Structures are given as structure tokens and as C-alpha cells.
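Participant: Okay, these came from TrEMBL:
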COMPBIAS  509-518  compositional bias 'Polar residues'
COMPBIAS  519-528  compositional bias 'Basic and acidic residues'
DOMAIN    30-473  domain 'Major facilitator superfamily (MFS) profile'
REGION    501-528  region 'Disordered'
TRANSMEM  20-43  transmembrane segment
TRANSMEM  78-99  transmembrane segment
TRANSMEM  111-132  transmembrane segment
TRANSMEM  138-159  transmembrane segment
TRANSMEM  171-189  transmembrane segment
TRANSMEM  201-222  transmembrane segment
TRANSMEM  287-308  transmembrane segment
TRANSMEM  323-345  transmembrane segment
TRANSMEM  352-374  transmembrane segment
TRANSMEM  380-407  transmembrane segment
TRANSMEM  419-442  transmembrane segment
TRANSMEM  448-469  transmembrane segment
């Protein structure tokens, strides 16, 4: 009877805790952070689709005015390819510079300062037509890419550190949801009835300034990441205040103790460099998993669909005037699938959604290839092609579309997280650039069989994840590390000693600021 009463009390406490998990501040932080960050990434993926014809016309007119001759087709194609793909180069730069920025300014202020890039990019691209300079548009795209590169690392980092582990996956999916909403918004605003006209296309790029301003207005009223404050700034008072704000409760001693327990031998956290992280054998398979997952996230073919939606629908036999409206279905499908994933991720877990998503994409890519090959022989096959594209998008968004960002935040401790996100971001943007640059050539060479390349990549990713990826749902960093310990061929004790040794080495030059003490055989550093 006593055990039943205790179990009843535990269940009641869990119900109360779950009610407290989603506080107003937590929701506002997630929405404001994502609206000025991942939303803009998604928006800039799709916004170049609708005005393609008008931008090329602008390039040609500018060239004629300068050189008194029309631009040749090869040069125009090159300029347009640079305009599209240079966004990824900017993203790579942003991913590389994000580590020192989040270390010095923190997660929240990095997101806020990052809006400087977005505002500059919006002004350059918005006024490029008026100034008669296509260079302004290209420069704006690369600066916007830097903004995206920083935000796609800083935002998941911020969300993973402010959320309780019980809803860490759902809150992490906000990044993916707003990417999809951004893609859909770019498609809607690109309709001929709105900004999809020759005289109005610069406004498509100028409106980028709106989400940035909204984020700058809201974020100052929200706290910094409590983990960052506690483990990197050693400010327990502000950390407790941040926990109380985000969790919506007065007593946060358990949360503070839990964070300190997870980083028991890292009281004075020194940020690990990329080289130190790569040399750390205790996180070897975590790094490999992040690299493969993030690589498959970009190479699975979704960006090819986002960048070249119009040409894919044209190949499917859709009338040119109807394409902008049919394209809306892709954005709507992405958004609904991402929301669905956010609702079920804490019930089903990361592993089945990732593996299942990649697996379904393999099936639908195979069907799409068949339908595109035979579409001129059977009248209804173009509609099957559209259905397959929507199914591929849905399969992507229920798992592979957002979970890689969640896993990167879950696999690594506080001191390793910035370097881990830099590695993930670098892989992300390099693969993004590769797809944007090579897909037209793959499509030209393989024609209807081009999507089989992506099917093979999805199958490879699903197979790897099936054998390697442990479930991380509701697990602490210690439990996730235990799941990888056997594969890394280290015991948890050795793993901790490896991390401690790496930390001592990285902070050797600061030893004068700390006094080492020993307590029951455990090495510990305290600030003097």
C-alpha cells in the first residue's frame, strides 16, 4: 500500500512538473528566437524562386546599361548560380565564427547582435534595383548567409539550454517548424498578387528587416541561458533567476543541482576547441553521428526541391502559370509535418522519427523516379510526381528536418557544445552549397534518375542511424554518454578523466586564478 501511495505521489509530481514545463517565458523565447533566426533561413531558401525571371532581367538590363551590350547566356547563368549558392558560403562563414561569439556574448545576445547582418542584408538587397547594382544583391545574399550560419547554431544551443529535458525535443523542433514557416512565407509573398511582380520583387528581400526588428524588441526582456550563466559565467544568482523565469516556479534548486551534477568536474568550464573535441575519444562516435546526420540532412535532396521547385514541377508537366500556387502546397506540407513532429517527438523519440523519415524518403524517391520516367506515357503520372514530392517533404520534416539540431545540443556538455555546433554547422553549409551547385548538373546528366542519388544517401543515413544512434528522449547528458561509452571503448570513469584532463590542459594558462583542492579523491577547482 505504501509503495502504491508513493507511486501515486510520484505520478502527481510528474503531472505538476509537466504543467510547469511550458511557461509563458519559455514559449515567448522560443517563438521570438526562431522568428528572427530559423524563420529567416527558411525564407531565404525559397524567396529566390518566384522572382527568378525578373532578377535575371534586372541583371541583363544592368549589364546593357554598363557595357552597351546584352549579357550572354553563360554569364547570366553563372551570375544567377552565384546569387543562389553564395548564401551557403555566407552560412559557412557564420558557422565558423559562431563559437567565439557565443562564448563572449552568450546565446541570447548573439541572437540579438546577429540581426545587424540581417538588417544590412535587407537594405542591400532591397535597394539593389533602385541603385542599379546586382553586386548589392549578391553581397546581401552572402551577408544574409552569415546571419543564417550564426543563428542555426546559436538558436538550437539557446533552446536546448533553456528547456527542461522532458520537453527538450519539442522545443528544439521549433527551429525546424520556423524554417518551414519561413519557406512557406517566401512562397506566399512571391505570388504575383503580392510581391511576385517585376516592379515589386525588391520588397521580397526588404521585408527581411521585419522579423529582425521584432526579435530585437522582445529578446532583451528575456533571460540568458541559465546553463551559460551557471557554468560559463559562474553567476548562480542570475542562473537561478533565469531558471525561475523559464520554468515558471519559485524553487529551482533541483534544476541548479542537476546542471552542476552533470558537470561535476567542470565547475570552471573552459570552452573546448574543435581540435580538442576531435581528439577526445569519449565523444568520437557522437561527433561521427552528428556529421553523418547533418550531412544527410542537407544531401538527402530537400534543398534541391526548395531551390528548384519550379523546374521540378515543370518537368512534371504542370502549367507554368499554375506553378506558384502548386508550390504553396510544398510549404504548407512542410509546416504541418514539422508541427506534427514537434507534438510527437517526446512520445515516439528521436530515433524512430529519424530512421523512419529517411526510410520513407527512400521509398518516395524511388516512386518519383519511376513516375518522372514514365510521365509522358501515362496522363495521370504528373500528379503522382507532385504527390511524391509532397510525401518526401513530409517524411523529411517529421524527423530529419529538425532532429539533427536537437541531437547536437543533447550529445555534448556545456564546454563542448559551441565547438560541436561549429562542426555541425560547417558540415551543414558545405553540403548545402554542394547540393545547390551540383544539382543542376546532376539533373542534366541523369535526368529522371537524378533523385536515385538522394535515395542512396537517405538509405545510407537510415542504416547508420539504425545501428549507432541511441534514444536520447528524456535522458540526461550522463545517460547519453553511457549509451555511447561502449562504442567509444571507454568506461564512464575514463570518459570523465579524459574530459577533465582536456579541460586542465586548455586552462593551464589560467591556473593562477584557481586553487586546486582534493576531496575524497575527486579533483576540483574553485575560484579564489
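Even glycines carry a Cβ here, placed using N, Cα and C.
Caution: TrEMBL annotation is automatic and unverified by curators.
Quantities reported herein were computed from a predicted structural model and do not represent experimental measurements.
Thinking about packing and proximity, how do these listed features fit into the structure?
Facilitator: In the predicted model, the domain 'Major facilitator superfamily (MFS) profile' (30-473) has a mean pLDDT of 89.
Here the transmembrane segment (20-43) has long-range neighbours at 111, 114-115, 118, 144, 147-148, 151-152, 154-155, 158-159, 162-164, 166-167, 171, 174-186, 208, 211-212, 214-216, 218-219, 222-223, 245-249, meaning same-chain residues at least 6 beyond its ends whose C-beta is under 8 angstroms from one of its own.
Sequence-distant contacts of the transmembrane segment (111-132) (same chain, at least 6 residues past either end, Cβ-Cβ under 8 Å): 33, 36-37, 40, 58, 62, 65, 94, 101, 105, 139-141, 143-144, 146-147, 150-151, 154-155, 158, 201-203, 205-209, 211-213, 215-216, 219-220.
Outside the transmembrane segment (352-374), and at least 6 residues removed from its termini, the chain residues within Cβ reach (under 8 Å) are 293, 296, 300-301, 315-316, 341, 344-345, 381-382, 384-385, 388-389, 391-392, 395-401, 403, 448-449, 451-452, 454-455, 458-459, 461-462, 465-466, 469.
Same-chain residues lying 6+ beyond the ends of the transmembrane segment (380-407) with a Cβ under 8 Å from its Cβ atoms: 152, 156, 160, 168-169, 172-173, 175-177, 179-180, 289-290, 293-294, 296-297, 300-302, 305, 312-313, 315-318, 326, 329-330, 333-334, 336-338, 340-342, 345, 350, 353-358, 360-361, 364-365, 367-368, 371-372, 374, 424, 461, 469, 472.
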Participant: Short question: most Cβ pairs under 8 Å with the transmembrane segment (171-189), which of 78-99, 138-159, 448-469?
Facilitator: 138-159
Participant: Do the transmembrane segment (419-442) and the transmembrane segment (201-222) share at least 3 Cβ pairs closer than 8 Å, excluding pairs fewer than 6 residues apart in sequence?
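Facilitator: Between the transmembrane segment (201-222) and the transmembrane segment (419-442), which are separate recorded stretches, there is no contact, as judged by 3 or more close Cβ pairs.
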